[in-house]
Amino acid sequence: MTIKIIEGDFKSATGKYALLVSRWNSFVVEHLKEGALDTLRRHGVSDDDIEIVYAPGAFEFPLAAQKLAASGDYDAIVALGAVIRGGTPHFDYVAGECTKGLAQVSLATGIPVAFGVLTVDSIEQAIERSGTKAGNKGSEAAETALEMVSLLGKL
C-alpha cells in the first residue's frame with residue numbers, strides 16, 4: 001500500500017491575483033507589496049493577471065476581500081498590511097478582527113486569502129519583516145497564494 005501525497009507547487013503559476021493593500025503604515029506596506037509583486041512575477045504571473053486594490057486599513061480588509069472573492073475574478077487574494085502595537089487595546093481589536101475576518105472569507109468562498117498582514121510590537125519589527133533582517137512577509141504571502149491555487153487545483 002502506498003500513501004498518496006497531494007501538495008501544491010510552483011511549476012506552472014496560473015490564475016489571477018488580487019493584492020489587497022492597506023494605506024495605513026504605507027512606509028512598511030509598500031515594501032510588502034513590492035515583495036509580493038516580485039514573487040508573483042518571478043513565478044511567471046503576468047502583470048495582466050495582477051490587480052492591486054487599496055483599502056484604508058487592516059480592519060477594512062475582510063469586507064474588501066469578501067467583495068473581491070465574490071466577484072469570481074480572482075483565484076487568490078494576498079492581504080498586505082501592518083498593524084503596529086500602541087499603548088491602547090486598539091491593536092488587539094484590529095489584528096484579531098482582520099485575522100478572523102480574512103479566514104472567514106476564505107472558508108466561505110473557497111478562494112485562498114494569503115495573510116501578509118504584519119502584527120508587530122514595534123516599527124522596527126515591521127521594518128525587519130518588510131524586506132530586511134526577517135525577510136519580506138509580502139513575498140511569503142504571495143508564495144502561499146501561488147501554492148494554494150496549485151493545491152486547490154489538485155484537490
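Glycine residues also receive a Cβ, built from the backbone N, Cα and C atoms like all the rest.
For W24, A58, F59, E60, A82, V83, I84, F115, the entry in Swiss-Prot reads 5-amino-6-(D-ribitylamino)uracil binding site. With a cut-off of 8 Å between CB atoms and residues at least 6 apart in sequence, the same chain places P56, G57, A58, G81, A82 near W24 (5-amino-6-(D-ribitylamino)uracil binding site), listed in sequence order.
There are 6 other CB atoms within 10 A of the CB of G87 ((2S)-2-hydroxy-3-oxobutyl phosphate binding site), with all protein chains counted. In the three-state DSSP reading, G87 ((2S)-2-hydroxy-3-oxobutyl phosphate binding site) counts as coil. Residues or ranges marked as (2S)-2-hydroxy-3-oxobutyl phosphate binding site in Swiss-Prot (evidence: sequence analysis): G87, T88, R129.
Feature annotation from Swiss-Prot assigns active site, proton donor to H90; the stated evidence is sequence analysis. Around H90 (active site, proton donor), no same-chain residue six or more apart in sequence has its CB under 8 Å from its CB.
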**Item:** By Cα-Cα distance, the member of binding-site residues F59, E60, F115 nearest G87 ((2S)-2-hydroxy-3-oxobutyl phosphate binding site)
**Value:** F59
**Cβ neighbour count within 10 Å of A82 (5-amino-6-(D-ribitylamino)uracil binding site)** = 27
**Message:** According to DSSP, does F115 (5-amino-6-(D-ribitylamino)uracil binding site) sit in a helix, a strand, or coil?
**Reply:** strand
**Request:** Using C-alpha positions only, work out which of the binding-site residues F59, E60, F115 is nearest to T88 ((2S)-2-hydroxy-3-oxobutyl phosphate binding site).
**Result:** F59
**Message:** Return the count of C-beta atoms lying within 10 angstroms of the C-beta of F115 (5-amino-6-(D-ribitylamino)uracil binding site), excluding that atom itself.
**Reply:** 22
